[in-house]
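Noted in Swiss-Prot for the protein shown:
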type	residues	note
BINDING	GLY13, PRO14, VAL15, GLY16, ALA17, GLY18, LYS19, THR20	GTP binding site
Amino acid sequence: MSEHGPLRIGIGGPVGAGKTTLTERLCAALRDDYSVAVITNDIYTSEDAEYLMRAQALPLERIRGVETGGCPHTAIREDASINLAAVADLRASFADLDVILIESGGDNLAATFSPELADLTIYVIDTAAGQDIPRKKGPGLARSDLLVINKTDLAPHVDVDLALLESDARTARGARPFVMAALKSGQGVAQIVAFLEREGGL
């Protein structure tokens, strides 16, 4: 843990893009070297938290499920108090925390995290959602610290040109990095971890 407390990583993206899969993969990749905890956001359930518990991503006491109600982006941006309270609770429970992963509820391309809540942000999109997603931009996609283009293995089945998808992502993001990934099989996870260690100072 740094003098500023644990690194808080916000993970956002539309429903079904692979946020929970990324969270699970990051837990598995980081937990042997760092003290890790997770906060998940769901609108009316704690389904994502329960999934991570069943998957044994982390010990149960290191996972917090937040039920946001209403619009999920409000709880990570306009009024992040419910998530900030969960961060404070985890820090009180685990004095040695290095990393807190904060997974947002599924939202649209405009969703972003309050800088008060997240030090670094990852935005996940789904190749199967269509060729034009990067061209639609939106703050979450264009301004997150890292974009993860997930489910690239499905591209041949959904008529998506990966080279064009990469080109459009580069145009939308400028110099900001992105990773082509297939998180279910683990492809791209090492690149994401390397980014977090480098940019997050782990």
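Glycine is treated like the rest: Cβ placed from N, Cα and C.
Structural mapping of features recorded in Swiss-Prot.
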residue : record           : Cβ neighbours (10 Å)
GLY13   : GTP binding site : 28
PRO14   : GTP binding site : 20
VAL15   : GTP binding site : 11
GLY16   : GTP binding site : 14
ALA17   : GTP binding site : 26
GLY18   : GTP binding site : 24
LYS19   : GTP binding site : 28
THR20   : GTP binding site : 24
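Within 8 Å of the centroid defined by the CB atoms of GLY13, PRO14, VAL15, GLY16, ALA17, GLY18, LYS19, THR20, the record's GTP site, lie the Cβ atoms of GLY106, VAL124, ASP126, ASN150, excluding the listed residues themselves.
A coil conformation is recorded for ALA17 (GTP binding site) in the three-state DSSP classification, outside any helix or strand.
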